[in-house]
Amino acid sequence: MKQFLSVSDVPDINALIAKAAAHKAAPFASSHLGQHKMVINLFFNSSLRTRMSTEKAARQLGADVITYDASGGWGIEFEDGTIMNANTAEHVREAAGVLSQYCDVLCVRSFPTLTDKEADYADRIMKAFVKYASVPVVSMESATRHPLQSLTDCLTISEHRRTARPKVVLTWAPHPRRLPQCVANSFAEWMQAWGEVDLTIANPEGFDLAPAFAPKSIVSHNQAEAFAGADFIYAKNWSAYDDYGATADLPDWIIDEQKMALTNDAFFMHCLPVRRNMVVSDAVIDSPNSLVLQQANNRTWAAQAVLGSML
Amino acid sequence: MKQFLSVSDVPDINALIAKAAAHKAAPFASSHLGQHKMVINLFFNSSLRTRMSTEKAARQLGADVITYDASGGWGIEFEDGTIMNANTAEHVREAAGVLSQYCDVLCVRSFPTLTDKEADYADRIMKAFVKYASVPVVSMESATRHPLQSLTDCLTISEHRRTARPKVVLTWAPHPRRLPQCVANSFAEWMQAWGEVDLTIANPEGFDLAPAFAPKSIVSHNQAEAFAGADFIYAKNWSAYDDYGATADLPDWIIDEQKMALTNDAFFMHCLPVRRNMVVSDAVIDSPNSLVLQQANNRTWAAQAVLGSML
Amino acid sequence: MKQFLSVSDVPDINALIAKAAAHKAAPFASSHLGQHKMVINLFFNSSLRTRMSTEKAARQLGADVITYDASGGWGIEFEDGTIMNANTAEHVREAAGVLSQYCDVLCVRSFPTLTDKEADYADRIMKAFVKYASVPVVSMESATRHPLQSLTDCLTISEHRRTARPKVVLTWAPHPRRLPQCVANSFAEWMQAWGEVDLTIANPEGFDLAPAFAPKSIVSHNQAEAFAGADFIYAKNWSAYDDYGATADLPDWIIDEQKMALTNDAFFMHCLPVRRNMVVSDAVIDSPNSLVLQQANNRTWAAQAVLGSML
């Protein structure tokens, strides 16, 4: 792979899942791949899981890692032709060009504004780094997608499915803040591209994801109906795509035991961090069917599979 | 050791000191212990000495290290059953559980509030990480104790003692800020548990440490009397335990040459950072009897002994 | 080398350039030099290129690295004899002494105030660390000099020169902020000491560098005249030395194609970050004659040559 920005960069999803599983079984078996290689992790937004799992993955491949937190503000200029006499101190042409001198793989995290839909969905920061970097770029979450999380989720589902073609429900859940659509977009995109699950997306009216990610045929506005017979419940809040960035106070959408009882003894999944008793009840997340820690663990192997494909 | 939070976690203090001394003599002799292992250092409060010495120790054991500075605010929820609709974004159950997926030893630093005695002395943050982590937890200083510093101090005293049972004085010293009681608590606790020194604690009236750490029989309110015949003077400021967090402007408690003249040519010790001419005079800290840099050096070997026991 | 603060610490510039070139040709050929060694990079001011290239250099030499960002404020006391009852929490005697316990080479970055010429040109922070450290100190830019950049520039010029003795022009360029004189001072100092180029410094009236760096005989206030026949144009803004820290709004000093046409098909150099269409036009920095990315790359090899000489 020359870049890892979305599922469309992956030639064979099952092969990549298998690679992740192989790293999980033998974390250091490929530690020659990163020998004398450098991975730079560039964060425009702070991170815990992504940072640690990506660093760990790189090191298990034998590579060195430099993590650079640019969340304090680096002042990068993205427009071409500007007279840079104001707040930006470096153009992305130089930023990406320079970082490419120092590493073999460049991992970048950025977030959406949630105020400018067009700019967010153009994925300006990530695209600019891809354009001007001379090394492979890995998205550690962009304004619209979070592909490392989705690969993780494929691995987790493949490890726990009890049928060849499980029913998977991606459900909106309540949250007090405005959150990006990235995790939900990517999860929807990967589940459909993977083709090994039946995906239903349950969300309130007004919270449909962008049509490119969520065709109307798989969207339900009735959470209880969607949960019926589900094998996996994947909970996540996201702000509205249509009324861009809007939120709603809908506590009834919480995932609790009553709703889980509607399912086929479904596993509960969430990418974390999660707000307890807001998104999901204690009883559900603390139940044996909760896979949230296994997902966090699988982030390492997903990252290792992606980095390993590039090094 | 499955955890390192206080002296009571140490089965044999002299054996641990001997281990630290062995690492000091041959820093890389145990570099197989950490092979393919990961240590995470999690700082809720900033650090220089602790961070560097712990990282160095881990690397000398052959382990990888990720240092995570959460002092900017991570927003961890510690209460159970809360509806997390406010400022906390992740429950410690997930935080500790996730971090445990990424490492073999989890080192945590937190500080007291100095306003809520009960909460501080319950050592909520450290205890919660111990409860929910699935890997060994090392305290890099908690709200009430600083055991890595105390092990360091044992090593330093054992290297410099001129008699089998030296007289050690832990003395309060002036400081312009309100400081935790951790270093003093731990030092008192370790010296008593070690049993190889005669400990006297000198502090102003109103600044007695918590009774669990400082039995009245070894506390003196007369600094000059306490210094008589001392072999080691260990200086440290702490805020009051009784009138919790209170300070006092008592410049006469400074450690200067006049007071050191009362001792048995005592060594001067301090955990650093130290405010010169406030806590201790230039003449004392710059004298050949000052062990402050040796103490800083010994932090590495103490950390290596503790991590090495866990890896 | 026991320290690397200015060109006068370098016994043989060409030998050091050759060493950097050798590391560039075989980055890991000297990875035994840093075996079981530690490099600490201490930043009092933030950094991208310097941090990454220095870390990379150290690791390629086989050394471990700890990068410590003290830009948030560490509160170091530099005066002797002070009663430290105010905002400084640690004296540089202890700070440098402690850090020396943890590493084999200490790299330090600090910046000038640009308000107190005397203090800046005394290079107080760097000098204090040199005085109290017990290990070699490397300047990663001080209040007055940036020697790693200059060594990089020597390497870059030596790689691209088409004649034995090229004409090099260091030219002032416009910038909206007040910038240090460090890069310009060091470049001037190194080019003169190297003795293999003809150096001209072009700057507006009032922007002459300190006489110790820029003898009047090589300074021109006419940019066009200076550019005539130049083989290398090295652009950089700096604030005034005489009217200390002053700036001027002189957009005509921009480096554009018209001015480059006056040269002998000169290469364009800049240490980055650079403000496009302010310092230099897009056409010039995007031309094949632009060496800015090669310079960024060469930072690694310059750092490796310096660290390698000390480890």
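Just so you know, glycine gets a Cβ as well, placed from its N, Cα and C.
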Residue among B:R124, B:R161, B:R162, B:R275 sharing the N(2)-succinyl-L-ornithine site, where TrEMBL lists B:E141, B:H175, B:K236 as binders: B:R275
Nearest of the binding-site residues (B:E141, B:H175, B:K236, B:R275) to B:R49 (carbamoyl phosphate binding site) - Cα to Cα: B:E141
Residue from B:E141, B:H175, B:K236, B:R275 whose C-alpha is spatially nearest that of B:W74 (carbamoyl phosphate binding site), among the binding-site residues: B:E141
Filtered B:R49, B:K236, B:R275 - binding-site residues with C-beta under 8 A from chain C: B:R49, B:R275
Cα proximity to B:E141 (N(2)-succinyl-L-ornithine binding site), best match among binding-site residues B:S47, B:L148, B:C271, B:R299: B:L148
Candidates B:H175, B:K236, B:R275 (binding-site residues) - the one closest to B:L148 (carbamoyl phosphate binding site) by CA: B:K236
Cβ neighbours of B:R299 (carbamoyl phosphate binding site) where a neighbour is any other Cβ within 10 Å: 29
Residue, out of the binding-site residues B:L148, B:C271, whose Cβ gathers the largest set of other Cβ atoms within 10 Å: B:L148
C-beta crowding around B:K236 (N(2)-succinyl-L-ornithine binding site), within 10 angstroms: 22
Around the Cβ of B:S47 (carbamoyl phosphate binding site), the count of other Cβ atoms that are within 10 Å: 19
Closest of B:S47, B:H146, B:R299 to B:K236 (N(2)-succinyl-L-ornithine binding site), Cα positions, binding-site residues only: B:H146
Spatial neighbour of B:H175 (N(2)-succinyl-L-ornithine binding site) that is closest, considering only the binding-site residues B:S47, B:H146, B:C271, B:R299 and their CA atoms: B:C271
